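Working notes, structure below.
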């Protein structure tokens, strides 16, 4: 039966319903967008947008715009409320600062509510906008938020305020790998583990379609179990469809940057994920060696080494690195076309370096790490460095005069992993009371759950800690067992070496005794010579005495004359000085008088100013009293306003309560209406059911009555049976009547309910009318109050205008007071300045007197020193002669040794001739053997023919296999198309619900086809397996044929055996001859080594003597210069020169400069720092001493020739970017010639000089392309040459270190000056020096620049070492970091 339409609906109701359905669908889509955390318009983004708009518009200048002011009035309060409800920095307690960078810092924090520990990263909005790059943090936030990888540090939430962005991340208490490498000597086993984890972490990032571009140990953090996670994704970039990246700037850390990324600067950068694998190679090298492979103190040095990596990559000899590790490093540090990992991670995973028994690529994260951090608590930060508090003022955005939009770039940054906003399902249409109860119950349950979860997590943590301790104890036990075994083996080795050493000791003692005899013999000779010298000296003295007796009288006369002259000269000088002092005294007295007069004038002015000041102060007091009265009036007015505002707020609250009551009434009304409609529906349903049942009963009754009548007519005889039937019918009728009664009672109940609902509706209508009346009354009251408020605001505006006028007057008066104060200060300053002038003049007078006395004393001391130095110089000359004679004797010995060597070589040649004869015999034997081999080759030909036949069979077999493979491929393609069709049909199913039956039939058909295809595929796979087994059988058959030996004729076998015997005999003879030869060679080699050692010792002694001579020469030069200065002073004093004529240059004469400077230790300032040396610059040499004692003993550390100096200059940040920023203004660089240091033991390993393919030659320069991220200027056009993120392409000369734009070279501009340094790299050196202050650095540079020869020194082809860079031989120390065997629980 068709149901009648509802009475209250319009004719077009179905169309409206359809429209509502479409609208609901769009609303759901919109809701999905708002709920989706990855959507740009999610709830957090919308709230951020509103918040940032209010922050950017809430300024006085912008509020003048009426629209902006209205917007702020509307949303300002609600935005403040949102800020109060949202997460903020105050929700966390800061434990410690664990990191600081250019944009902010990382803090270790504890959440106040949950008591959980996190790492919170703060990024300054001002710094990011100031440096014109605010996009890098988006990639970092998105990766950490949506990665869901165990290899990436997780982001729990991100929020912001007006100053900072906050990222709350998981805390990694193990610190970074830089900390681990600084505390431990990393063995290869550990390096294998950490490299494998880095590879897996990078693979996870690459699988997201990103390239990291800044892989380094600083960005590798360790969790509490010691496993690795990657961090700092600010440099990440999205790959295109081909897996490549387009970038015009070189991004990354200089030591870890790849060549292709370096080449991208200023050009079309196009590279792939292989740039990350380069960084992995650098990281592995650093772990095993202790330094990066392309380390240099300057940026240009590192970049040039990276570009020339084929020549510059070398492994140090003092560190043991396995062949597999070297191969892997070389495979990573190659050109990108051949680099390992270019074709996928599986390439790297299959490397032999990673093979081990402890872990594999699938379970590495479940295995125990090499170092598990020992933590005292959940806030243990011992693996992080202590960072000083930043006491500097935090910079903020200035107040704008127009709209700037500083907050707009950060809209959408807010994120929560567990987003509670809009997380619940839409609210059910039930009573509010039930919902509140349910929510309260759910909150209580959640609290209990949370407490249980916390308890569980603590228990789990405790369990994990115990398991870790057990694991660590097991690993320690294993380590100790291994160490024990190693110690046993080491002990055995030591014992064997001890025996060898004892034998060598006995030999050395024997040699020592022989050398002692020789030394005694030499000593006797020396004593005899000394006796002869003494006798000669006695004779000389006798002769001198005779001569002196005749000359004494003349000398006395001369001495008296000299004394008279000296006394006269002294008298003259004293009279001159007395005259000078009188003049200066008169001048000073005049100056004092002038100053006194000036002082009086100033005092008078001061008195006048004080009177003016008093007047102004009185006026100021009067104004202040007026101001206070105004303030009182204002406060009274503000109190009235506050009262009115309170009344308004009360009325507004009443309004709100009225609105809420209205809303509740409307809600109840709706609910009742809904109930009414439901009841009506039920009633109509019930009526329909009842009518239907009645009709059915009536029909059954009519049928039964008809049957009854027929039965009465037919069967009158069987009354008894009929009576029983009637009884049954009557019972059925009774049951039916009961049912009818029940239905009627139900109907009455429904009607009663309807009446009650109608009564309630009428009551609610009455209530509604009453509330509307109340609302109207309240609105009228509100209008009256608004008029009062307007009147009061007008009054307030008038008062503010009056106040502004008063304030302007006050400002004028305060300005006048300030000007008077300023003039008073100036007068006081002038007075102080004049007083200081007076004091200085008095001091100068006293100093002049002291200088005169000191000069007299120095004259006497220098005379004594001169006499002593003359005596020493004669002694040194005699010593030099003796040394020269000894040197000549040693050269003779060397010649004799060379002759012996030639004799040995002649003997060796004769032995070689004998060897050739034996070899000819062997050749004749080989001829006979070749005949036998020819016969053997005939047999092999037959064998090859058979092999060819087998190959043809194999080729046919392969063809058949390829055909079958093609059919399988075609089937697989059909299978793919079928699966794609299934996916398409599934999508259509969702869109077209009406055609569901048709699509299901098609799907079932497709599934049948798919099953049949799978069956066909299975058949073909079986065929493939059978083909493979046949193939393996064929290969095995081939191997049998190949390995089968062919029968050889018996007649030729005996000849071969005979010849083999003869061959063996010859081999034995050859062996014996070779052994004899090697023994002789060893013997002669030992003698040669001993000779070379002696020569080296002698040359070292000669160098040291030469260095002492140089230092003595410089001392003599100093004394001569001092003498000359004294003579000049004497002459000038006799002539009567003024006191201000001769000006000393910093306390040193023009030719000499000395002081303390620092040199870099092992050319690595980052690791080993600087060492202090006392440096003296004479007219010819630069002498370096370890201490002043060495200087007194004439024992220099290093000597350089000034003639060979090329260039001296102060360094920039790019030259020594590893040095501390405070040290850079104190460092300068010396470039000098170095024509042969081969005979000297090198203190540092010499860096190999690579090809100059990457240099750009221009005007004598050797330019290297670079980028500057630090402040630097172009030395050609003086424009900025740097940028923090996108620097312009630049060039730097590797010789003179001039810096310029690359555009000058490209445009062929003539701005660039020629190179100041012309030298061959193989015969040149540079030296960095650190002065005590910037003033000293400037002094050293200016003085050394003057000493550089105008023409560059020509390299001497015959010179052995000019200049000498003679350094004392120091013990070879390892470059590795100091080892650490203790657990990693250390103070950072």
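Cβ coordinates are placed from backbone N, Cα and C, and glycine is handled just like the others.
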Hey, which of 242, 367, 414 does Swiss-Prot call phosphothreonine?
414
Based on Swiss-Prot, name the residue from 81, 116, 121 that is recorded for the same ATP site as 98, 99, 100, 101, 102, 103, 104, 105, 106.
121
Pick from 373-420, 805-852, 853-900: which range does Swiss-Prot record as region 'Interaction with NPM1'?
373-420
Around the Cβ of residue 100 (ATP binding site), the count of other Cβ atoms that are within 10 Å:
15
So, by DSSP, how many helix, strand and coil residues make up the region 'Interaction with NPM1' (373-420)?
3 helix, 2 strand, 43 coil
If you measure residue 414 (phosphothreonine) to residue 104 (ATP binding site) at Cα, how many Å is it?
18
Between residue 104 (ATP binding site) and residue 214 (active site, proton acceptor), how many Å separate their Cα atoms?
19
Determine the minimum-neighbour residue: among 102, 106, listed as binding-site residues, which Cβ has the fewest other Cβ atoms within 10 angstroms?
102
Count of other CB atoms lying within 10 Å of the CB belonging to residue 1212 (phosphothreonine):
22
Long-range Cβ environment of residue 214 (active site, proton acceptor), under 8 Å and at least 6 residues apart:
232, 234, 235, 251, 252, 253, 256, 279
Going by DSSP, is residue 102 (ATP binding site) part of a helix, a strand, or coil?
coil
Residue 1212 (phosphothreonine) and residue 102 (ATP binding site), distance between Cα atoms, whole Å:
20
Which residues does residue 98 (ATP binding site) neighbour through Cβ under 8 Å, counting only same-chain ones at least six apart?
106, 107, 108, 119, 381, 384, 387
In whole Å, note down how far the CA of residue 100 (ATP binding site) lies from the CA of residue 1212 (phosphothreonine).
24
